[in-house]
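Visitor: I am attaching a structure below and will ask some questions about it afterwards.
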Amino acid sequence: MEISTRAFCILLVLVLNAVKITLSVEDGLLYLDYYKETCPLAEEIVSRNVEIAVLKDPRMAASLLRLHFHDCFVMGCDASVLLDNYVDIISEKQAGPNLNSLRGFKVIDEIKYILEEACPLTVSCADILAMVARDAVALRGGPSWKVWLGRKDSLKASFDGANQFIPAPNSSLETLIANFNQQGLDVEDLVALSGSHTLGKARCLSFRQRVYDINVEEKHDKYRRYRTFRRILRSICPESGRDEAIAPLDFVTPAKFDNQYYINILEGNGLLGSDNVLVNEDHAGEIKKLVWAFASNQELFFRSFARSVVKMGNINVLTGVDGEIRKNCRFVNP
Ligand code: HEM
Ligand SMILES: *[C@@H]1O[C@H](CO)[C@@H](O)[C@H](O)[C@H]1NC(C)=O
């Protein structure tokens, strides 16, 4: 009798463990309410400070969202993007796609500083980036979502990875699809996440080629609005010089997170080459269908965006004993 009770208990434990393991695998190793016990005010502290930063500088919402993307596409969402040059670390900040372009590092520093006061060595820089991206989108009128947490921070950066994996604005559609596939993201993720370009700005350097490209002209000349758009862009961005002049990625509702981006690209009015190829180069028409769906149904876009951004936030995360919680997001712990 006693033996069979014991056997039953062992069996029960085995079954429960199996269930637990399956669940954590399905959840991508991250958790909701991860800091509930260890730093109950973490999400509150982050959202208040994002709010203040965005009030001071509205473009910061865009810049903070982009930081999460540039983090996740290089070695996974591990805050590698935040590391400065130091001894054997070559910062990703000086890689082509990031140099003179990524913004928001000081905002992350401030948030980290406050979190270290509240709960030392508890909240990772990678999780801060994920929370901040969510709050930034919500503040500009976009969707919100539950953030999965528990990422650890990397012990290294990848300058080469930043040059290789962050897509260029003159990429072909085929290249963009391959680039996202490498990260485990599909075409729907590509289309939904590109909708981030409803916010923020780009430099002349990033859109010059598209504005003077003969092929693009032929495709869109039929739209009067496109011709006006091109004239304005050429006045901002001459064929040479003024590389740092900036223009809004969504020239209709630049400060709002909405589905206007998709309406723009259907009219040939995306700012970057990589925006317009979603419509121009999609010969099968599948992507264009999705663009139409998002352009005509903002709620659908919001749901897809939230799903895809959570998926992006799961890319190659470090968890458990891998990585560390940095004390200062710019440096690995001594
Ligand atoms: C599909 C491939 C993508 C390409 C080729 C691309 C490229 C670019 C480029 C060239 C800029 C302007 C940089 C500058 O001139 O300084 C930019 C800005 C931006 N990107 Fe992307 N991007 C892509 C996808 C994404 C994704 C997935 C997100 C977010 C999840 C994102 C968020 C942003 C935001 C918010 C800005 C504006 C940043 C600011 O104003 O500070 N992009 N992107
Ligand atoms: C994209 O731009 C880069 C840098 O300006 C340039 O070297 C490259 O040739 C361009 N690629 C294409 C396909 O136009």
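Note that Cβ sites are derived from N, Cα and C of the backbone, with glycine treated the same way.
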Visitor: According to TrEMBL, ASP250, THR253, ASP258 bind Ca(2+) 2; so which of THR198, THR319 is the extra one listed there?
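Guide: Candidate in the recorded Ca(2+) 2 site: THR198.
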Visitor: Long-range same-chain neighbours of CYS204 (disulfide bond), Cβ under 8 Å, sequence gap at least 6?
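Guide: Expected: ILE236, CYS237, PRO238, ARG242, ASP243, GLU244, ALA245, ILE246, ALA247.
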Visitor: In Å, rounded, how far does the Cα of CYS125 (disulfide bond) sit from the Cα of HIS197 (heme b binding site)?
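Guide: One finds 24 Å between the Cα atoms of these residues.
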Visitor: What is the number of other Cβ atoms found within 10 Å of the Cβ of HIS197 (heme b binding site)?
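Guide: Other Cβ atoms found within 10 Å: 22.
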Visitor: Could you tell me which of these disulfide-bonded residues, CYS119, CYS125, has the fewest other Cβ atoms within 10 Å of its Cβ?
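Guide: Sparsest of the disulfide-bonded residues CYS119, CYS125 by Cβ contacts within 10 Å: CYS119.
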Visitor: Measure from the CA atom of CYS77 (disulfide bond) to the CA atom of CYS329 (disulfide bond) and give the result in Å, rounded to a whole number.
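Guide: Answer for this pair: 13 Å between alpha carbons.
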